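See below for the structure under consideration.
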């Protein structure tokens, strides 16, 4: 009994188990355990019904806009193209009326041509301004480049034009040496061994002293 009490008194008590937070335990349980996905509040049949209703409304709006355009076109034609009164007109009067109608048609064609020219000009200006904006922003579309085989002479000709031949003539800036001058120098130098023999010995020293 004494030994057991001594061993119990000498050994330290066991450390308590770490206490885990309730929030972390709940998070682990939620992450590990499978859970059902949240169901949508609207069923599939209800979604299909709403889509069908939206398509029907859009179709009705398009039909109404087309009917309004047809009505506007009819009103414009009725105001501009009045009905002809041909009752009681003679042959000469009918000819005059035809001439007036042809003149009016020609005038309308001229106006239509002018309007088309203005529209084309405006479209071109808009395209140019849009391209300038893209160039300033640095977002221009690069064209596709094709690989072309070209020689160095043709490339220099394309870049420099008439100056290509002048720039390629590299010997034009070099110093030209005449053949007669080189032969004269060779004659003056002569054989170098004879010069060494002439300057060696007492005679050579005498020549150096006298020179």
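Quick reminder: no glycine exception, Cβ is built from N, Cα and C everywhere.
The shown structure was predicted, so the numbers you read here are calculated from the model rather than taken from an experiment.
Swiss-Prot lists 5, 23, 43, 45, 78, 167, 200 (among others) with the feature phosphoserine. The phosphotyrosine annotation in Swiss-Prot covers 27, and the record cites similarity to another entry as its basis. The annotation phosphothreonine is assigned in Swiss-Prot to 52, 79, 144, 182 (among others). Look at Swiss-Prot and you will find 1-23 tagged as region 'Disordered'. For 33-80, the entry in Swiss-Prot reads region 'Involved in binding TNC'. The annotation region 'Involved in binding TNC and actin' is assigned in Swiss-Prot to 130-150. According to Swiss-Prot, the site 'Involved in TNI-TNT interactions' annotation covers 81, 98.
A map of Swiss-Prot features onto the structure.
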residue : record                                  : Cβ contacts under 8 Å, 6 or more apart
43      : phosphoserine                           : none
45      : phosphoserine                           : none
52      : phosphothreonine                        : none
78      : phosphoserine                           : none
79      : phosphothreonine                        : none
81      : site 'Involved in TNI-TNT interactions' : none
98      : site 'Involved in TNI-TNT interactions' : none
144     : phosphothreonine                        : none
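The residues of the region 'Involved in binding TNC' (33-80), classed with DSSP into helix (H, G, I), strand (E, B) and coil, number 37 helix, 0 strand, 11 coil. Taken as a whole, the region 'Involved in binding TNC and actin' (130-150) shows an average pLDDT of 74 in this prediction. DSSP assigns residue 81 (site 'Involved in TNI-TNT interactions') to coil in the three-state reduction, outside any helix or strand. In the three-state DSSP assignment, the secondary structure recorded for residue 98 (site 'Involved in TNI-TNT interactions') is helix.
Residue 144 (phosphothreonine) falls within neither a helix nor a strand when secondary structure is assigned with DSSP, and so counts as coil.
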